[in-house]
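Enquirer: Sharing a structure below in structure tokens format, with a few things to ask.
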Amino acid sequence: MENSTYSTGINFILLGLFDHTQTHRVLFSLVFMTFIASLVGNTLMILLIHTDPRLHTPMYFLLSQLSLMDLMLVSTIIPKMAANYLLNSRSISPAGCGSQIFLFLTLGGGECFLLSAMSYDRYVAICHPLRYHVLMSHKLCSQLVAGSWLMGGIDGLMQASATMSFPYCHSREIDHFFCEVPLLVSLACADTTVFELFRYVCCTLMLLIPLSLIVASYSLILAAVLRMHSAAARKKAFTTCSSHLAVVGLFYGTLMVIYMRPKSYHSVGHSKVVSAFYTIFTPVLNPLIYSVRNKDVKGAFRNWLGKTHAM
């Protein structure tokens, strides 16, 4: 145990996503601009929702929490990756690694449950519009959000503490651009079979339980929409739900590829690409998806611009 990375505080080495060739410098610049766009887009979404009275509804409150999670996610991963690249450094401390794991899993797990809460909100709005304010009260909405953060936090704490408790006696090189549990555990010089089985079951449940609730909600929504006699009402319902379904598809598609594949199918290069899409590009796409076809958000943005110019 005297060579254990965790016990001695010896840093891990992140091999990163880019090297210093001209092509990779251009790619790094694109990633960094995407990071800035994500910060601006999600911050603006939160600002609009909290300042415009028309957006003070359960649907937009849940959306503001999604933007907050995305904002924290990119801030957890990209600044460290960018600093290491610009300073030509690859090290990350065990505490920093554990923090990345905890925050990444907390935000990922929390987003799973938050998306299922958002699908329930759409189900109530479309299938029970007259009882919407009763079935989606402010109290219930706050409880759903708190439960999402809590479930994500429990998952993150369990996996981060277990992962960082293993001795790392040999290679300290992580072939990734951030600390991810599967790659880190593969470096441990201890039997991790039980933990890997537990992690696989835990991740599967964290993904499939919320996903089953989303599928159930949208199955009921689809049945209700097909019974609508008004073409305008059907179009409005489909427009409202399509944004959420696009976000669900992006989120669950990438996470299932990362966490639900058997160990024998893991490829480092493939994992990097999928992780980059989830951690870098999905957070910038979410505010775009929810704003492009949303009249309320576009209206709030125009009002905000008008107030800004008037100052």
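Including glycine, each Cβ sits where the backbone N, Cα and C put it.
According to TrEMBL:
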- 26-48: transmembrane segment (TRANSMEM)
- 41-290: domain 'G-protein coupled receptors family 1 profile' (DOMAIN)
- 60-81: transmembrane segment (TRANSMEM)
- 101-120: transmembrane segment (TRANSMEM)
- 140-158: transmembrane segment (TRANSMEM)
- 197-225: transmembrane segment (TRANSMEM)
- 237-261: transmembrane segment (TRANSMEM)
- 273-292: transmembrane segment (TRANSMEM)
Enquirer: Mean pLDDT for the domain 'G-protein coupled receptors family 1 profile' (41-290), rounded to an integer?
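Expert: Residues in the domain 'G-protein coupled receptors family 1 profile' (41-290) carry a mean pLDDT of 88 in this prediction.
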Enquirer: May I ask for the residues of the chain that lie six or more residues beyond the transmembrane segment (101-120) and have a Cβ under 8 Å from a Cβ within it?
Expert: 59, 62-63, 65-66, 69, 72-73, 76-77, 136, 141, 144-145, 147-149, 151-153, 155-157, 159-160, 163-164, 178-181, 184, 206-207, 210-211, 213-214, 217-218, 244, 247-248, 251, 255, 279
Enquirer: Test the contact criterion for the transmembrane segment (273-292) and the transmembrane segment (140-158): 3 or more CB pairs under 8 Å, pairs 6 or more apart in sequence, then answer yes or no.
Expert: no
Enquirer: Under 8 Å between C-beta atoms and at least six residues away from its ends: which parts of the chain pack against the transmembrane segment (140-158)?
Expert: 58, 61-62, 65, 101-114, 117, 120-121, 202, 206
